[in-house]
Amino acid sequence: MHKTATDVIGAQQTIKPSCYDGGTREEDESQEEAEVARPLVSETEGSHTELTEPSVCVGLADTGDPTAELGHPERQTWSRQMDFIMSCVGFAVGLGNVWRFPYLCYKNGGGVFLIPYILMVFFGGIPVFFLEIALGQFMKQGGVATWNIAPLFKGLGLASMVIVFFCNTYYIMVLVWGLYFLVHSFTSPLPWATCGHEWNTVNCTTNFSRVCFNQSLSPSPLNVSSLNHSAICLEPAGLRSSVMEFWERKVLRLSGGLDEVGNISGYLVLCLLATWVIVYFCIWKGIKSAGKIVYFTAVFPYLVLVVLFVNGITLPGALNGIIYYLKPNWSKLSEAQVWIDAATQIFFSYAIGLGALTALGSYNRFNNNCYQDAFILALINSGTSFFAGFVVFSVLGFMAAEQGVDISNVAESGPGLAFIAYPKAVSLMPLAPLWAVLFFLMLLVLGLDSQFVGVEGFITGVMDMLPPKTFIGSVRREVVVAICCFTCFTIDLSMVTEGGMYVFQLFDYYSASGITMLWQAFWECVVVAWVYGADRFMDDVACMIGYRPLPYMKWCWSYITPVVCMGVFLFHVVNYKRLVYNAVYVYPWWGEVLGWFLALSSMLCIPVTVLYKLLHCKGSLMERWQHLTTPIWGRHHLEFLPPENEARLLPKAEENKNTLLYESVI
């Protein structure tokens with residue numbers, strides 16, 4: 001008896017693949033989640049003959065209409081395609097664009113840094129960015145289930161979920177600190193602009209001038225007042241600025257080290273709770289609600305950046321800051337560190353390897369032009385980074401002029417820019433509370449959309465893993481989101497203690513570091529290009545968008561991007577340095593062990609899963625490889641198989657009404 005693909009879909013039965021051993025077929029021990037089975041190898045009498053499997057979209061590419069609406073009938077899709085664009089902008093464009101790129105640009109040769117940066121965008125950022133979006137759109141799954149395209153490497157999905165879980169856990173602390181600063185910005189004068197408060201010491205000063213030394217020349221590690229690890233900046237005559245004391249003694253209540261946990265800050269707990277509640281209600285109903293919220297969270301930061309830029313360029317010294325930002329230093333091009341920084345920044349700012357992009361892409365219409373979207377999003381992302389440099393350095397130029405110091409003495413990156421340098425600059429401006437409110441509101445909103453889209457990506461992966469028609473699979477999405485948010489909130493309590501900053505930096509340095517993201521991106525390219533097939537995936541993309549992307553995409557996936565990823569990965573490993581906070585506190589050995597546990601918990605998912613699947617499948621090694629690298633197609637793939645491609649039911653050795661074994665005849 002023969003049935004068409006549509007008939008098989010109509011049966012709505014759970015279909016399992018099988019490993020084969022010799023002349024018999026045995027049920028695979030690893031249960032796949034509610035997907036249509038992969039095409040099996042055809043059998044001839046007395047032997048197994050491998051069927052060369054083309055792209056699942058070949059039939060449609062040749063005979064179908066690429067503009068037809070092809071969707072997953074049971075999966076949500078974006079109400080408008082702009083919802084997807086804005087969600088990707090909200091997720092990929094984050095705090096790193098504002099507080100990391102401008103500093104890297106000035107440190108690595110000013111305008112010269114744009115040369116390696118743009119090259120890395122085209123040969124590293126865009127190819128992997130497009131790969132993840134297209135993969136999610138094609139498979140209509142997020143997280144682990146995305147890698148049904150090559151089931152042996154489902155560890156890639158698991159690794160991305162581990163990384164994004166860690167990111168969701170610690171990244172929100174930046175929003176907590178931003179909310180705390182925002183609440184304290186509605187006073188005049190600003191609390192960090194003056195001394196005499198309960199948290200201030202007798203060494204407090206409102207004279208923000210500092211003397212900075214290179215670390216190798218610094219005579220003493222005392223009185224460090226910058227989170228920038230490239231220099232040690234000392235307050236004059238041993239005094240400490242009021243901004244630094246507000247940050248360390250009021251906000252962080254910083255202890256002496258990782259082993260000094262201290263008490264929990266009640267105010268930070270309230271800010272943490274409020275932030276997680278906001279995140280929960282942004283995504284609890286899925287993309288239908290989140291897709292609307294991102295319009296505000298993605299657009300508002302740009303409006304504030306423009307306002308801050310207009311205000312910044314009117315300040316004395318602003319032009320010097322912008323010139324300092326762009327002044328080219330051509331000798332920097334010969335330094336390997338410049339190219340490494342450019343590549344690492346790309347993978348950070350494009351949020352590659354976190355799995356959220358595949359989750360967002362999985363909600364696209366099947367025929368959405370994700371190729372065009374990838375270039376648009378890359379332009380927005382990198383353009384934002386470049387423009388943010390003008391905003392930041394116009395203000396830093398003003399601050400340097402006010403203090404009478406060189407701009408290099410006030411230029412910082414990371415939290416040091418957001419919570420030390422910029423608050424100092426704001427306190428020197430007219431109408432200081434207004435600019436403080438705008439800046440920290442922008443910081444909060446800019447990080448908020450990255451946070452809730454990251455959580456959405458994790459939730460999508462979890463929901464796609466839950467087995468259907470079971471008690472676990474019937475759990476409402478709202479409950480799953482609540483459990484996820486509560487779990488992260490519980491872990492975050494360790495970061496609102498007096499030793500919380502040390503815990504935060506441990507997560508930031510190891511769990512979602514350049515090493516883990518580069519490792520993830522390397523294997524994504526290798527699996528798609530060499531296991532599934534670069535040409536085959538190009539055909540799949542052509543099936544979705546109606547034409548084949550430029551060949552350069554295939555070359556990048558196959559050669560250029562993996563080489564770049566592995567090269568930068570090895571550079572980071574070889575040049576690994578122990579984690580140090582504030583250029584003074586060196587983490588204990590057990591802290592480093594904990595950090596490497598966080599890093600390896602995602603990196604080892606890939607090889608461990610490969611070994612597990614190979615060992616638990618039947619047959620020879622070659623048969624196991626062929627079976628476990630054969631894609632598991634979803635129902636939406638069968639919808640557009642051409643009429644001549646039928647699926648026939650296989651005779652069942654065991655009566656099981658809930659299981660259908662079928663073979664796709666292509």
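Positions of Cβ are set from backbone N, Cα and C atoms, glycine also.
Small disclaimer: the values here were computed from a predicted structure and weren't measured.
Annotation source TrEMBL lists region 'Disordered' at 16-47.
Nonlocal intrachain contacts for the transmembrane segment (84-102), taken as residues 6+ away from its ends with a CB within less than 8 angstroms of a stretch CB, comprise 78, 129, 133, 174, 287, 290-291, 294-295, 297-299, 301, 305, 325, 345, 348-351, 356-357, 360-361, 363-364, 368, 373, 376-377, 380-381, 384-386, 388-389, 391-393, 413-415, 417-418, 443, 446-447, 449-450, 453-454, 457. Taken from TrEMBL, the feature transmembrane segment covers 84-102 (among others).
Just so you know, the Cβ of Leu446 (Na(+) binding site) picks up 29 other Cβ atoms within 10 Å once every protein chain is counted. The Na(+) binding site feature in TrEMBL is assigned to Gly90, Ala92, Val93, Asn97, Ser349, Asn381, Leu446, Asp449, Ser450.
Residues or ranges marked as transmembrane segment by TrEMBL: 114-135 (among others).
Residues or ranges marked as transmembrane segment by TrEMBL: 156-183 (among others).
Per TrEMBL, the feature disulfide bond maps to Cys195-Cys204.
The annotation transmembrane segment is assigned in TrEMBL to 264-283 (among others). For the transmembrane segment (264-283), the residues of the chain that approach it from at least six positions outside its boundaries are 172-173, 175-177, 179-180, 183, 251, 253, 289-290, 293, 448, 451-452, 455-456, 459, 481-482, 485, 488-489, 492-493, 496-498, 500, judged by C-beta separation under 8 angstroms.
Nonlocal intrachain contacts for the transmembrane segment (295-326), taken as residues 6+ away from its ends with a CB within less than 8 angstroms of a stretch CB, comprise 86-87, 89-90, 93, 98, 102, 105-106, 110-111, 384, 387-402, 407, 429, 435, 438-439, 441-442, 445-446, 448-449. Feature annotation from TrEMBL assigns transmembrane segment to 295-326 (among others).
Residues 75-78, 84, 87-88, 91-94, 96-97, 100-101, 117, 120-121, 124-125, 128-129, 132-137, 139-143, 146, 157, 160-161, 163-164, 167, 287, 370, 378, 381-382, 385, 450, 453-454, 456-458, 460-461, 512, 514, 516-521, 524, 565 of the same chain, all 6+ positions outside the transmembrane segment (346-363), place their C-beta atoms under 8 angstroms from a C-beta of that stretch. Taken from TrEMBL, the feature transmembrane segment applies to 346-363 (among others).
Within the chain carrying the transmembrane segment (375-400), a Cβ under 8 angstroms from the stretch's Cβ atoms is held by residues 85, 88-89, 92-93, 97-99, 101-102, 105-106, 114, 117-118, 121, 125-126, 129, 208, 302, 305, 308-309, 312-313, 315-322, 324-326, 349-350, 406-407, 409-411, 417, 421-422, 424-425, 428-429, all 6 or more beyond its ends. Residues annotated as transmembrane segment in TrEMBL: 375-400 (among others).
If you look up TrEMBL, you'll see 434-459 (among others) marked as transmembrane segment.
Taken from TrEMBL, the feature transmembrane segment applies to 479-497 (among others).
Outside the transmembrane segment (509-534) by six or more residues, the chain places 124, 127-128, 131-132, 135, 147, 149-150, 152-153, 156, 159-160, 163, 166-167, 170, 344, 347-348, 352-354, 554, 556-558, 561-562, 565-566, 568-569, 572-573, 579, 595-596, 598-599, 601-603, 606, 629, 631 with a CB less than 8 A from a CB of the stretch. Sequence annotations record features per position, and here TrEMBL assigns transmembrane segment to 509-534 (among others).
Beyond the transmembrane segment (555-574), the same-chain residues lying 6 or more positions past its ends with a Cβ under 8 Å from any Cβ of the stretch are 120, 123-124, 127-128, 131, 336, 340, 343-344, 347, 513-515, 518-519, 521-522, 525-526, 528-530, 534, 537. Look at TrEMBL and you will find 555-574 (among others) tagged as transmembrane segment.
If you look up TrEMBL, you'll see 594-615 (among others) marked as transmembrane segment.
Taking the centroid of the Cβ atoms of Gly90, Ala92, Val93, Asn97, Ser349, Asn381, Leu446, Asp449, Ser450 as the Na(+) site, the other same-chain residues with Cβ within 8 Å of it are Val89, Phe91, Gly94, Leu95, Gly96, Ala298, Ala351, Thr384. Beyond the ends of the transmembrane segment (594-615), by six or more residues, the same chain brings 30, 151-156, 158-160, 162-163, 166, 506-507, 509-511, 513, 515-516, 519-520, 523, 579, 587, 621, 624-625, 628 to within a C-beta distance below 8 angstroms of the stretch.
Scored by C-beta pairs under 8 angstroms, the transmembrane segment (156-183) has its highest count with 434-459, from the stretches 114-135, 434-459, 479-497. Within the set of binding-site residues Val93, Ser349, Leu446, the entry lying nearest in space to Cys204 (disulfide bond) is Leu446 (CA atoms). Residues near Cys195 (disulfide bond) in space but far in sequence (CB under 8 A, at least 6 apart, same chain), listed by position: Cys204, Thr205, Thr206, Ser242, Glu245. Within the chain, the transmembrane segment (434-459) has long-range Cβ neighbours (under 8 A, six or more residues past its boundaries) at 87, 90-95, 98, 142-143, 161, 164-165, 167-168, 171-172, 174-175, 178-179, 181-182, 185-186, 190, 275, 278-279, 282-283, 286-287, 290, 293-294, 296-298, 300-301, 304-305, 307-308, 311, 351, 354-360, 418, 422-423, 426-427, 477, 480-481, 484-485, 488. In this view, the densest Cβ surroundings among the recorded positions Val93, Cys204 belong to Val93, judged by other Cβ atoms lying within 10 Å. Counting every protein chain shown, 26 other Cβ atoms lie within 10 Å of the Cβ of Ser450 (Na(+) binding site).
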